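These come from TrEMBL:
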BINDING   B:21, B:22, B:128  divalent metal cation binding site
DOMAIN    B:15-237  domain 'RNase H type-2'
């Protein structure tokens, strides 16, 4: 990050008091950004079917049949539901774009839903976690030993 | 669904006729029920005297009564297929949409198949038409070559065995609505649904009472019905990938429309969900496949 950049968005991740229940990722865009009576209307049911060791649930949203799987976030990671805080008037707001967020809930599991398709390891969400492995490999400092090993086998990738 | 007569002896030995009819095909809510009734061909004349005819003109209590007599009549067999509104909506809103005629045809064919698998010696089937009668007859005959199908409009008022089937279907649907248990746990839900047709003020009131900006309606409602569409316009906008594919297909299929749109300054349909759903658009394949978007700034 460039030195001159003003402080980015403030994100307050202090533990949230309220337990908001399960976290669902739906396969549609919903133009609504506020509370909704999810537990009254969205009623997932176990189908008794397992795909690749993951239990498949079934639910309906706006008439569509959804099939869902619950995945755990990788070790060392945690999910947050963030709420945007309206910028306080008395703040020294040098950067008009800076937003402040506060954590409303935390989660270790997320249920993602497909419209009309069985969940599988090929779905975008479980595949997202591949990025973590790649990012780690890319950002991990290379040790002197690894460098030595690489120069010992110079034509490996030719 | 439980069969009243699991292939009685007469049904497996004597040639049988069957009538098939539906209840609740048009309403915006509740299940659609397909019912069938069958009896030995030799019983047909007696059946004609049982005043099943013109079932639609009967009062609800009369239908209930007739259904109860029918159930105790050992010379008659019957069966129902209840297609719940959830299933209707889901099929009609699938990525590859299944239309109501196809759902209806499949239900009717399911009833014939069931009777055959029970060992009923079916020779003639009378059925109220859905779509073009002749095309439907051909479809049924191809599926069940050994059976003679009579497909007709208003079959329920023409053939007593279809009248009987319509009573079975109608009573089953009425009971399903009467005993409906909501999946939803929202407050103040009720079952004064009226007929389920948009011309009925009770139905309109019910829809108003149960409308929800985010979820639409309880799953008693058939979301795929045109009646619902106007309600969704006032609610929260929801966009689905499969609908966008439809739009794309429609715009590709109609060159004229494309020309007209571009002349008006439109360069194509904007994929609405990209504004609200991450897509990984413009990034390399690895990220696109995972719908991973780079967020430089939270806002």
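Cβ coordinates come from backbone N, Cα and C, glycine included.
Just so you know, TrEMBL annotations are computer predictions that nobody has curated.
Computed from a predicted structure; not experimentally measured.
Neighbour count (other Cβ atoms within 10 Å of the Cβ, all protein chains): 24 for residue B:22 (divalent metal cation binding site). What surrounds the divalent metal cation site, by Cβ distance within 8 Å of the Cβ centroid and not counting B:21, B:22, B:128, is the set B:20, B:23, B:25, B:34, B:35, B:108, B:127, B:130, B:155, B:156, B:162, B:165, B:166, B:169 from the same chain. In the predicted model, the domain 'RNase H type-2' (B:15-237) shows an average pLDDT of 93. The Cβ of residue B:128 (divalent metal cation binding site) has B:20, B:21, B:22, B:152, B:153, B:154, B:155, B:156, B:162, B:166 as same-chain neighbours under 8 Å, each 6 or more residues away in sequence. Around the Cβ of residue B:21 (divalent metal cation binding site), the number of neighbouring Cβ atoms within 10 Å comes to 28.
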